[in-house]
Structures are given as C-alpha cells and as structure tokens.
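TrEMBL lists 12-32, 53-73, 85-107, 119-140, 152-177, 198-221, 227-247 with the feature transmembrane segment.
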Amino acid sequence: MRLYFVRGKARMWLVSWLEMGAWPMLLLPLAAAYSRRRSAMGPAARLILMDRFLFAAAAGIGVLMGLDNYFYVYGLGRLPVSTSALLIATQLAFTAGFAFLLVRQVFTSCSINSSNGANYAGFFMSLGAAALYGFVLPLVELTYKKAKQAVTYSLVLEIQLVMCFFATAFCTIGMLVNKDFQAIPREARSYELGEARYYVLLVWTAIINQFFFLGAIGVIFYASSLFSAVIIAALLPVTEILAVICFQEKFQAEKGVALALSLWGFASYFYGEFKLVKKEKEATAGTVIKPAETEMHQQGLP
C-alpha cells in the first residue's frame, strides 16, 4: 500500500476501497460450503445461514471498517510505513480495553504485558485507525457471542462478506465524491513503475488485504479478539524490516525500543497461554477415574 504513495499517487479513497474491495473472493468458499451442505442435507440446506440480527450487526461493523480503512490509509499516505506501523500496533492496547468492556476478556499479568507497548494529521489519523480497529475486533467477537444460532466458519465467512461489502460501499461513496474512478486511468498512465504494474499493485493490494482480514476474524472465531490483536502486533517486526529494505527508511533508536516492546508483549502473551494450558492439563491429569467407570466407558455404557 505504501508503494502506491511513494511513487507520487495520493488517492486516499481508492486505497481505502482496496482494503475490502476483493470481497467477491469469498463467494467461492461460500459456494463450496453450500454445495457440501446441499450434499449432506438435500433441498433442506439453507443458501444463507445468517439471520437478520447478524446481517444488521455485520453491516454496522462494515461501515465502521470503511471509516477505519480511510483513517489508516490517510496516515499511511503521510507517514513512513515504519512509523505508521508502530502507531497501528497500538491497536493492541485499544483491543485489550474494549475486549474487557465488551466481551469481559479475562486478563492475566502476561496478557496485560502484551498490551504495552511527520505529519501531525497522519499521526492522529493512524492513532485513530488503531483505536477504531481496537474497537471493531471485540465488536466482532461480541457479535459471535450474541448470535442466536450456531456460529460455524461458513457463517463467519458470510459475516465477513457482509462487513466487507458495506465497508466497500462506504469507500465507494468517497471515491464517487472525489471522482477517483475517473482518475484511475490517468494515474495508471503516469505511474512511475508503468501502467501494467499500477494495475498489478492495485489488484494484489486488494487480494492480500482480504486474506489478512479473513485471518483476523478467523482467529477471533477460534480464539479471541485479543489474540487476533496480538498476532497483528507481531507482524510489526516484518513491516519494520521490509520498510528499511524496500523504502530505505531510517530505523531510529526510538523505533527499536518500540519494536522490542512489541516482541516482548507477543512473547509474554504466549508464555501466559502456555502456563494456562499447562495448568489445565495438570488439573485434568489429577482427575481420578475409577476402574469400573473406565470399563463402562470402553463398552459404550452410560
């Protein structure tokens, strides 16, 4: 995404649109899931799993995601990618706070440790994007918890499709007002890397962002919004290294300290999870099963 801006282009709404614009990709796995349900259940299989509550919730979150995309892109367009990534990494602290308020996330000392962590407009927009994203992740988890139906991964895909559709619709309005659609051919012809590479960049930006968001909400489904935020923050070292290699950005001592804190938080979270799992295994191992009960279980008796 930063490559678009460093080559002289500045269409904020266009890049915001790309973050969720590849939502039609989700139709393929959803079609495969429906085909599988149809084979198992016959004509009784439902084409769409989500109810009205989930649809409304996903649509609302989608609009928030569209706004968050614009905040993020605005900051990315005005700040070095290494600086923008550090600011966005603060979403972990916001996620932790909102996860506690919305879904009553239980904290240990280790999970609390994992939450520490040039343009003024870009700075505050990036920080705003982190705060809003930190609110959206627990909101997605809350939506799962409040669902009045069984939440399967097929349903998660449907929710993502609706969220991405409404986020894209939100950014489409911005593009129409800003006349970005008309500007795309002109930008392509004048792009420093060439017209073909301009379109390749746009397409792959959309595809990679869709996979990223699919992974983020998938982790929420299988674990929690806090865990999803921890993994996103763990991407920071990769972003920092690539920023230095690809864009020759300076890596000051302050960024090194922030990076070290991020890695420490990531390690702290997983150490806490390791201790928790170990404690649960010890508790399970300490449970005594009577021989008679074992024999009945092996014979399939209640």
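Including glycine, each Cβ sits where the backbone N, Cα and C put it.
Note that TrEMBL annotation is computational and uncurated.
Across the candidate stretches 53-73, 198-221, 227-247, the maximum count of CB pairs under 8 A to the transmembrane segment (12-32) is reached by 198-221. If you look at the transmembrane segment (53-73), the same-chain residues 6 or more away from its ends with a CB under 8 A from one of its CBs are 1, 12-13, 15-17, 19-20, 88, 125-126, 128-129, 132-133, 135-136, 139-140, 143, 146-149, 155, 158-160, 162-171, 174. Long-range contacts of the transmembrane segment (198-221) within the same chain: residues 1, 3-4, 14-15, 18-23, 25-26, 137, 140-141, 144, 151, 153, 156-157, 159-160, 164, 187-188, 191, 227-228, 231-232, each at least 6 residues beyond the stretch ends and with a Cβ under 8 Å from a Cβ of the stretch. Spatially, the transmembrane segment (85-107) is adjacent to the transmembrane segment (227-247); three or more Cβ-Cβ distances between them are under 8 Å for residues at least 6 apart in sequence.
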